[in-house]
Ligand code: ATP
Ligand code: MG
């Protein structure tokens, strides 16, 4: 036998058995996005490498070590499989001058790529829901995005405050961060002996990220570090407090986490994460914030932006851990066809039923009556449509109820299917 080929490490097939949860999530997202007036904007999976280097910042985990970058062998272009969606969204609205007529609220779902060590909840190809609001400067839209995620949790049956909790912080404006950065570097230099290798490397390039360290040996040091919040000016504090006032009024509990800094350089003012206690160290299911300088930085006319990314695999793992399921989706009917020679009589009837909106599964490839009925039962269908030789000879099909033991089998005319199709619809 020829050698069996396998998928790339860390990149997964999504099998039919897992699809119901994916589709449930995707359908729920579409519904919630429409309710808030967000519209689709789908960007390519491959973008110029420079977009991410300039957009995310050179000294970030993603740009330093996680990007799938390659040279286009046809023309030598430097390309990258998108590791996140915001930079591409910004490129697209700049390229199409999409804010010309005013602010824009957009979203997309799709694969992202990061070269990480694969483990549960961390893959090399994973999927995100990405939502962005462009052109709104006020905290109203920050609050709206956060509440929209809460609405999504509620639709899926997740409880805020226990299954998922909200953390927020403010990163202020660049000048405020600069003053804080100087104080932070001075503090870290004074305690240089306690820094690990990564922190030493980032001390002058990206000291804020040191606060985000997962190294337990450095926790005490970072806990006592100068806080960005203490360097925020009046306007930044007002933005943060206005956001808090809306969340408070909406009855959404949150924790202010002064150490929340996020992984990309583009953020300012509001940042937030939704975390869960159920997924070990892959605790963040959704993260986002404001990026008022990014559009300009990527060559657009200055305009504010705010958005978030939600890790779909992590969220589905969470739903699975909590045994949250989509409502059962059984077909209305299952067609049992003892003799495949009858297909020319059978298929037009199935097409009529499906055109009436019914979900009808055809047992493929024949097989014994017994095995066909077993499959009909396992499908969850409420009815078996039995195309036996006797029925077909009379121009009929037998309807056998599979779920209601008290109901009796009966026959219907093949020619008049449109008239009785409604009877089969699942209650
Ligand atoms: P982490 O700290 O866990 O590495 P991150 O800060 O790199 O997360 P973001 O860039 O904020 O993650 O991406 C938003 C969300 O996408 C994350 O909260 C997470 O749910 C999901 N995510 C990020 N990287 C992966 C991955 N490699 N596999 C699966 N999901 C991921
Ligand atoms: Mg990461």
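Any Cβ shown, glycine's included, is placed from N, Cα and C.
Annotations in TrEMBL come from automatic prediction, not curation.
For reference, TrEMBL has these:
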- 1-338: domain 'Aminoacyl-transfer RNA synthetases class-II family profile' (DOMAIN)
- 84, 85, 86, 114, 128, 132, 262, 266, 267: L-histidine binding site (BINDING)
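Features as recorded by TrEMBL, highlighted on the structure.
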| residue | record | DSSP class |
| --- | --- | --- |
| 84 | L-histidine binding site | coil |
| 128 | L-histidine binding site | strand |
| 262 | L-histidine binding site | coil |
| 267 | L-histidine binding site | coil |
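Other Cβ atoms within 10 Å of the Cβ of residue 128 (L-histidine binding site) number 23 in total over all chains. Between the farthest pair of Cα atoms in the L-histidine binding residues (84, 85, 86, 114, 128, 132, 262, 266, 267), the distance is 21 Å. Residues belonging to the domain 'Aminoacyl-transfer RNA synthetases class-II family profile' (1-338) score a mean pLDDT of 95 in the model.
All protein chains considered, the CB of residue 267 (L-histidine binding site) has 24 other CB atoms within 10 Å.
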